[in-house]
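Asks: So TrEMBL has the following annotated:
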- 14-94: domain 'O-methyltransferase dimerisation' (DOMAIN)
- 116-324: domain 'O-methyltransferase C-terminal' (DOMAIN)
- His253: active site, proton acceptor (ACT_SITE)
Amino acid sequence: MGSPEDQAYRLLKEHCHGFMVSQVLFSACELGVFDLLAEAPGPLASAEVAARLASSPRGTEQLLDACVSLKLLQVDLKPTAVYGNTELASTYLARTGPRSQQNMLLYMARTTYACWGHLAEAVREGRNQYLKAFGVPAEQLFTAIYRSEAEQLLFMRGLQEVWSVCGGSVLAAFDLSPFPLICDLGCSGALAKECVALYPACRVTVFDIPEVVQMAEKHFSFAGEERISFREGDFFTDPLPHADLYILARVLHDWSDEKCSQLLARIHHACKAGGGVLVIESLLDPDGRGPLTTQLYSLNMLVQTEGRERTAAQYRALLAPAGFPRVHCRRTGGTYDAVLARK
Ligand SMILES: C[S@@+](CC[C@H](N)C(=O)[O-])C[C@H]1O[C@@H](n2cnc3c(N)ncnc32)[C@H](O)[C@@H]1O
């Protein structure tokens with residue numbers, strides 16, 4: 001039986017080691033461990049994994065064993081140790097997994113992690129850390145993320161992957177069938193696909209800056225999706241498409257209250273009578289004391305954007321003055337929640 005001090009010390013160590021756990025996961029993804037094991041005809045010995053990944057036998061064995069303890073891999077010890085993916089890895093970590101999150105993890109490993117290395121400075125200065133992490137001024141929110149075509153594609157794919165897990169629940173949180181014409185603002189099409197699948201009568205216009213729209217049209221398949229169309233533009237300055245419903249998924253959390261108000265006023269101007277806005281975000285508890293995941297996301301907004309995660313009341317305080325007074329919030333029980341506001 002440990003003393004209360006022992007418990008506190010164990011908790012402290014667990015918190016300290018959090019970044020090591022993330023790095024085991026990120027590195028195994030970067031090296032292609034989960035892809036190799038998914039494509040191999042059976043479990044592999046660590047020497048075989050090392051040979052195929054051109055990595056050191058020593059480092060590979062240590063990484064694989066840590067992955068076993070983290071339940072990312074399973075090991076069969078007899079007659080000699082051979083490793084295979086767990087169900088978690090087959091589903092979420094291998095690139096061929098039905099709900100693969102690999103691009104999101106690689107984006108976090110390369111961009112998010114670099115910014116979090118400067119969290120203390122972000123807290124001190126109250127602004128994102130793109131300048132220190134990537135040499136990009138803090139005001140240019142997406143320049144660091146879109147620093148090369150490969151990184152932009154990684155980010156876009158990573159964002160899309162989340163909707164393969166959470167898209168259904170956020171879009172079903174409210175009945176959206178009264179909104180035949182939907183505009184998804186700031187997005188590259190994944191949520192639109194979920195939307196047309198769920199609401200057979202709706203059409204969706206996907207609106208984003210030109211480089212995102214062009215990349216989406218080049219790399220993502222919309223074959224047979226005649227109800228989805230694309231429009232290029234800057235949602236702060238260009239005319240917005242007319243629609244019955246505007247989806248803002250993980251968009252408001254990027255921006256200051258002032259910019260959110262500007263954007264919502266522009267949406268109100270373009271929105272058809274009786275229309276509305278569906279805000280999809282991870283909601284903080286009313287007192288801001290949780291959930292921890294959302295608090296961490298909010299810090300992530302500090303190191304990466306000019307925004308923050310908000311409570312339902314804070315979204316209401318942005319939506320009502322912009323002309324959307326009837327605000328309803330639904331928690332989905334998952335990572336992302338839904339707020340529907342009617343004009
Ligand atoms: C955090 S991402 C969210 C993407 C998507 N809605 C989702 O949840 O997966 C923010 C999106 O807003 C787009 N964006 C940023 N500034 C924009 C602007 N001024 N006009 C249009 N889109 C913009 C970005 O390119 C990006 O696709």
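Glycine too: its Cβ is placed from the backbone N, Cα and C atoms.
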Asks: Helix, strand, coil residue numbers for the domain 'O-methyltransferase dimerisation' (14-94) per DSSP?
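Replies: The breakdown for the domain 'O-methyltransferase dimerisation' (14-94) reads 52 helix, 9 strand, 20 coil.
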Asks: Taking the domain 'O-methyltransferase C-terminal' (116-324) alone, what is its mean pLDDT?
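Replies: Result for the domain 'O-methyltransferase C-terminal' (116-324): average pLDDT 96.
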Asks: Please work out the number of neighbouring Cβ atoms within 10 Å of the Cβ of the residue listed as 'active site, proton acceptor', leaving out its own Cβ.
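Replies: Taking every protein chain into account, the count is 22.
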